[in-house]
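Asker: According to TrEMBL, the feature transmembrane segment maps to 14-36, 80-102, 114-132, 173-192, 204-226, 261-283, 320-338, 344-367, 412-430. Among the features that TrEMBL reports, domain 'Major facilitator superfamily (MFS) profile' is placed at 14-433.
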Amino acid sequence: MPAAPISPVKRKQVLRVIFISLLLDLISFTFILPLFPKLLEFYRNLETQDDTSSLLNRILLGLNTYKRSFSRPISDRYDIVLLGGALGSLFSFLQAIASPVIGTLSDKYGRRTALLWSMAGNIASVALWVAATDFRTFLASRVVGGLSEGNVQLATAMAADVSDDKQRGATMALVGVCFSIAFTFGPALGAALANIETVVANPFATAAGFSLFLIVLETMYLYLYLPETLPSSRARSRNIGATVKTGSEQQKHIRTNSHSLLNFTHFIFILFFSGMEFSLPFMTYDLFAYSSSQSGRLLGFMGLTASILQGSVTRKLHPLRVVQLGVVACAASFFMLGRLTTEAGLWGAATLLAVTTATVVTGLNSLSSFEAAEGERGGKLGNHRSWGQIGRTCGPLLFCTLYWWAGRDVAYAVGGAGMLGVCAVVFGALKAPPKSLIQK
């Protein structure tokens with residue numbers, strides 16, 4: 001039988017805990033983003049001096065072999081960027097493996113239990129970063145983090161647990177706001193902390209240590225204040241190993257979009273979007289000789305704009321309209337990026353990308369949550385996230401390969417055409433749930 005409706009007081013409590021914990025988690029996660037170039041340069045210089053056959057040097061040799069396969073020369077300046085991209089793809093691949101498992105376990109044992117075990121893995125990951133005086137240890141920290149990070153998907157599942165269909169879009173926008181705030185301020189804070197050297201053997205230990213402090217603080221906060229949100233019907237049924245739904249309950253959870261269609265839409269959107277996202281530093285350097293700080297200001301502007309849009313626009317629109325708005329903005333930005341010649345054009349395209357960041361993934365998460373019954377929500381949302389992470393694993397490699405082989409114009413034209421294909425799926429195949437389900 002369905003779980004009893006959650007009280008407004010408890011819902012407000014859960015959403016407050018979700019917001020604070022997710023904000024702490026994402027700020028900690030984004031600390032490392034601006035540090036990747038200097039951090040990887042530190043390990044490269046260290047291991048080049050000590051051992052030319054080290055793991056890092058073997059990886060760099062493989063990346064340079066790949067780089068030399070292109071007909072156009074690629075500056076050595078991009079060696080570290082390529083290495084950072086490879087590590088990002090590894091993290092996304094591990095997330096694609098772990099997300100469905102974490103989601104399914106949360107359906108069986110509860111969101112709170114799954115999240116606390118996930119946080120234990122996050123603590124181990126960041127602790128390894130604090131102790132990473134060599135590349136092997138740092139790589140281990142990324143592997144552990146990729147396999148254990150579950151805060152985002154479980155926060156999404158918990159937000160869906162405490163929201164009815166009418167509240168779903170606004171609640172998912174709250175999760176999106178956390179992303180935008182964290183990506184606006186987290187990288188800048190991480191860069192500032194990296195200037196404080198406390199451990200000679202690991203110049204980034206201060207940033208890593210503060211990241212560890214935030215993760216431990218988040219874990220304690222969750223342990224003390226997070227109630228279980230798993231619907232009681234599933235909590236009772238897990239003891240007999242199966243969920244038996246009545247005919248009326250099964251009918252309640254029949255929606256107009258299949259999970260396969262939503263997962264495929266998520267995959268192809270992230271495939272193109274992540275490739276373009278990763279290519280931006282190359283393009284801004286090639287066209288306008290942007291420094292890291294200038295690129296950081298551009299990304300900060302996008303994050304701040306996305307945060308404002310999520311708080312003012314995304315939360316008020318139906319999730320399907322949110323997705324439609326975002327994919328159209330993304331397609332337009334692709335074609336602008338392929339043809340722009342001025343910085344004004346770049347900032348215009350960045351504004352469209354901020355619209356995309358504020359809308360598409362949030363809307364798709366909402367639509368996916370409509371499809372899931374109470375007892376399978378964690379697993380279904382985990383699968384949905386997994387498909388997005390597969391796209392993020394492949395997108396940067398495929399798009400940058402095209403960028404270097406065929407040039408900027410062709411790469412962004414192909415990306416724009418691909419995004420038009422995404423638009424066709426979103427406008428032609430996805431449908432809004434019946435009004436009776438939205439206006440309950």
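Every residue, even glycine, has its Cβ placed from backbone N, Cα and C.
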Asker: Which residues of the same chain, at least 6 past either end of the transmembrane segment (261-283), have a Cβ under 8 Å from a Cβ in it?
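Answerer: Hits for the transmembrane segment (261-283): 78, 81, 85, 88, 290, 295, 298, 323, 327, 330, 333-334, 337, 353, 356, 360-361, 364, 367-368, 371, 383-384, 387-392, 394-396, 398-400, 403, 408, 411-412, 415, 418-419, 421-422, 425-426, 429-430.
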Asker: Over the span of the domain 'Major facilitator superfamily (MFS) profile' (14-433), how high is the average pLDDT in this prediction?
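Answerer: Mean pLDDT, the domain 'Major facilitator superfamily (MFS) profile' (14-433): 85.
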Asker: Which range out of 14-36, 80-102, 173-192, 204-226, 412-430 gives the transmembrane segment (344-367) the most CB pairs under 8 Å?
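Answerer: By the under-8 Å Cβ criterion, the transmembrane segment (344-367) pairs most with 173-192.
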Asker: May I ask for the residues of the chain that lie six or more residues beyond the transmembrane segment (204-226) and have a Cβ under 8 Å from a Cβ within it?
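Answerer: Same-chain contacts beyond the ends: 13-14, 17, 20-21, 24-25, 27-28, 31-32, 35, 38-39, 42, 112, 115-116, 119-120, 122-123, 126-127, 129-130, 132, 190, 193-194, 196-198.
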Asker: Is the number of Cβ-Cβ pairs under 8 Å between the transmembrane segment (173-192) and the transmembrane segment (14-36) three or more, considering only pairs separated by 6 or more positions?
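Answerer: They do touch: at least three Cβ pairs between the two stretches lie under 8 Å.
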Asker: Which residues, given as numbers and ranges, are at least 6 beyond the ends of the transmembrane segment (80-102) yet have a Cβ under 8 Å from it?
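Answerer: Hits for the transmembrane segment (80-102): 36-37, 40-41, 44, 59-60, 63, 66-67, 114, 118, 139, 142-143, 145-150, 153-154, 278, 281-282, 378-379, 382-383, 385-387, 389-390, 392-394, 396-397, 400.
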